[in-house]
Amino acid sequence: MANYFNTLNLRQQLAQLGKCRFMGRDEFADGASYLQGKKVVIVGCGAQGLNQGLNMRDSGLDISYALRKEAIAEKRASWRKATENGFKVGTYEELIPQADLVVNLTPDKQHSDVVRTVQPLMKDGAALGYSHGFNIVEVGEQIRKDITVVMVAPKCPGTEVREEYKRGFGVPTLIAVHPENDPKGEGMAIAKAWAAATGGHRAGVLESSFVAEVKSDLMGEQTILCGMLQAGSLLCFDKLVEEGTDPAYAEKLIQFGWETITEALKQGGITLMMDRLSNPAKLRAYALSEQLKEIMAPLFQKHMDDIISGEFSSGMMADWANDDKKLLTWREETGKTAFETAPQYEGKIGEQEYFDKGVLMIAMVKAGVELAFETMVDSGIIEESAYYESLHELPLIANTIARKRLYEMNVVISDTAEYGNYLFSYACVPLLKPFMAELQPGDLGKAIPEGAVDNAQLRDVNEAIRSHAIEQVGKKLRGYMTDMKRIAVAG
């Protein structure tokens, strides 16, 4: 099979990359009614599978889970989760033939096997759903022409999808219809009903394309969301210890620092995050971020280029075929780093201390978010999509590091994200070492002293921060999320 994106001509590629429309709330006036009375069968009962299913059932839909025979016979975790939550569970052969909508929520690397197994069992005119378009776009999976193919992609981990729904809210969501598979013209109605059933319409829905979702999702997770946090954690920890900081304190400053500073990012964008600093520290963080952007721009561009061309996907799929040799090696090496093995600090670090002593970390966040956003937009991805795949998801990933360091982040994210994270961080760490060697006192681990600042310089820096395109689109999109739960700041 050929990479679907690479079979398109340039005009088609640009059209699909640039497909992005913020949908009005009135477009979801019918809620999930289009799927009411129809049978929805979910394949896979991981975090997205279970939590989307719970939301959809609570929205009045008929939900069941199709699992492999061995998973049922051996009562594996997927079977236990589905049955303990009161869902009907059966084999593919028992449930798929009656399904009006089959939702494939298995890991990316299983998609081809799953889809090739369920396709022959699906009835004529049924629909197939995804929450990530990798199988369609990068693998180039061919789906029967009578089958409608749709996507509903919540921009949060599965647990967050459920928690926000229980609060009567939801999480921002991308929806799409595969243009090669919409024989009855009902794909958008199915996708809208599915999104409404998960609660996504309450937080904002973007009508996108499979191509735009995949290319932007891969870019975000490889660079700012995971790769930058991993590279930054390793570099900052080593720098602190090298300068005599207690390893336990250094570890805590970094582990919980990302979460604390990105909570400000979530509530008020880069502007609020930078406003948490004193004026001298803000000027220094801005200067550091500009240096970082200049150094890292070629690396961000390379990742985007490799994602657009399919080079990244072909390399990762080759590793799948080689039993994940590279992935597992990188995972093991990460687990042995000094940051991951450092002792725990029993003392308390105050919230403002994370900002005052983490000027470099704030600069890394600013540089990474802006670079990821700019690189995506330069490649034809619309600003709203680029925002969700860079700034919006960052606090959620930072929260995983706060739980159990990089180990937890790499466990929670997909194998696809983890593989891309290692590619980026293994290139970024040596790239930034000369920069790290030139840091000044107060950049990391010590507060920058209060002092006089030049009013004109401060005015210009504030204007530069607030006028960046990601701040403009972010302000608009956050307006739809005013009811979002505040991620608890770790202490």
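Cβ from N, Cα, C; glycine included.
Computed from a predicted structure; not experimentally measured.
Quick look at what Swiss-Prot lists:
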- 15-208: domain 'KARI N-terminal Rossmann' (DOMAIN)
- C45, G46, A47, Q48, R68, R76, S78, D108, K109, Q110, G158: NADP(+) binding site (BINDING)
- H132: active site (ACT_SITE)
- 209-344: domain 'KARI C-terminal knotted 1' (DOMAIN)
- D217, E221: Mg(2+) 1 binding site (BINDING)
- D217, E389, E393: Mg(2+) 2 binding site (BINDING)
- S414: substrate binding site (BINDING)
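E393 (Mg(2+) 2 binding site) has none of the recorded positions A47, R68, S78, H132, G158 nearby, counting only those with a Cα within 10 angstroms of its own Cα. A coil conformation is recorded for R68 (NADP(+) binding site) in the three-state DSSP classification, outside any helix or strand. Comparing E389 (Mg(2+) 2 binding site) with S78 (NADP(+) binding site), their Cα atoms are 28 Å apart once rounded.
Across C45, G46, A47, Q48, R68, R76, S78, D108, K109, Q110, G158, which the record gives as binding NADP(+), the greatest C-alpha separation is 21 Å. Residue counts for the domain 'KARI C-terminal knotted 1' (209-344) under DSSP, split into helix (H, G, I), strand (E, B) and coil, are 119 helix, 0 strand, 17 coil.
For G158 (NADP(+) binding site), the same-chain residues lying six or more positions away in sequence with a CB closer than 8 A to its CB are G46, A47, Q48, G49, L50, N51, Q52.
Nearest neighbour of E221 (Mg(2+) 1 binding site) by Cα distance, taken over the recorded positions R68, K109, H132, S414: S414.
Cβ proximity to the Mg(2+) 2 site centre (mean Cβ of D217, E389, E393, cutoff 8 Å) flags the following additional same-chain residues: K155, S216, M219, G220, E221, L225, Y388, S390, H392.
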